[in-house]
Amino acid sequence: MAEPIRVVVTGAAGQIAYSLLYMIARGEVFGKDQPLILHLLDIPPMVDVLEGVIMELTDCALPLLRNVVPTTDPAVAFKDVAAAFLVGAMPRREGMERKDLLSANVKIFKIQGQALDKYANKDVKVLVVGNPANTNAAVCAYYAPTIPRENFTAMTRLDQNRAQAQIASKVGVPVADVKNVIIWGNHSSTQFPDANHAVVMIGNTEKSAIETVGDAEYLKTSFIDVVQKRGATVIAARKMSSAMSAAKAACDHMHDWWFGTPAGKFVSMGVMSDGSYDTPKDVVYSFPVEIKNKQWKIVQGLPINDFAKSKMALTSKELLEEKNEAMAVCSAD
């Protein structure tokens, strides 16, 4: 069996991590033959809760889990890690806008970027889940200059999974029979869920989602609205933010980054923009990507209609505003 790899999860005593840690430790992300050492980082007031989480991981008797390292010290948490799930952040409460979170959370990701730069493996794969995820990932990358910028990503896979599930439900097929739904831009209510390039398997034939759904107006209105606001809808119902679905999406994101995407299939990831599709450079923007040998590549050459361009411009504007505000907070700190 392979040598163990070290994986850090921040916010490890929180509700997303409660689902995520089990999924990682049972081999759903890095494979059923990859032993793991889990590093669990949280803040000092959560230490007692973290102890309970460790008891549960122990009691799961998971064969791949070789050791668990609980800590409140970023130097210990990020030491020699091959993958990082940055989940810990101030949570969004009902009625709170994401911009309200920015000031508090960018400071966290500045510290974690510096710690990754100093202690982690230089090829570490970093997934930012804590919101505002795209801008937090950009801050993290900025403060880790010796780690390649392409190693910092933000999670929009939850939005992709939500969009995929909506189309599957509308058409009446299993969710696995829908692929290539795209999330463009920010993990926020300005994101653009795009079904123009999505494919649905009907019987043994692949058909476009537009043709299969047969309702262009729905795909321009209700479909987008439901996906954009799903997080807020879950909060209104649960009085807490999405946890189980967020953990599943984080696993999907890292698994595909680790093992690659099948031919003809692409997934959405928040990655550092190179200006593709007239997006602003140097913001973390969600694109469709294909992955091979642990390297993502933006899918190029997709036709973008005027409606899509207008939606993509809107989320670009928000990302630029967020990034400028975040860097101002960091500079003043």
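Using the three backbone atoms N, Cα and C, a Cβ is placed for every residue, glycine included.
Database features, via TrEMBL:
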- HIS187: active site, proton acceptor (ACT_SITE)
- ASP42, ASN105, VAL129, GLY130, ASN131: NAD(+) binding site (BINDING)
- ARG92, ARG98, ASN131, ARG162: substrate binding site (BINDING)
- 6-152: domain 'Lactate/malate dehydrogenase N-terminal' (DOMAIN)
- 156-328: domain 'Lactate/malate dehydrogenase C-terminal' (DOMAIN)
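Look at the domain 'Lactate/malate dehydrogenase N-terminal' (6-152): DSSP puts its residues at 66 helix, 27 strand, 54 coil. Residues belonging to the domain 'Lactate/malate dehydrogenase N-terminal' (6-152) score a mean pLDDT of 93 in the model. Per the record's binding annotation for NAD(+), residues ASP42, ASN105, VAL129, GLY130, ASN131 show a top Cα-Cα distance of 16 Å.
Each residue contributes its Cα atom, and for ASP42 (NAD(+) binding site) and HIS187 (active site, proton acceptor) those atoms are 23 Å apart.
Each of the recorded positions ARG162, HIS187 was scored by how many other Cβ atoms lie within 10 Å of its Cβ, and the smallest score goes to ARG162.
Cα separation, ASN105 (NAD(+) binding site) to ARG162 (substrate binding site), rounded: 25 Å. Each of the binding-site residues ASN105, ASN131 was scored by the other Cβ atoms within 10 Å of its Cβ; the lowest score goes to ASN131.
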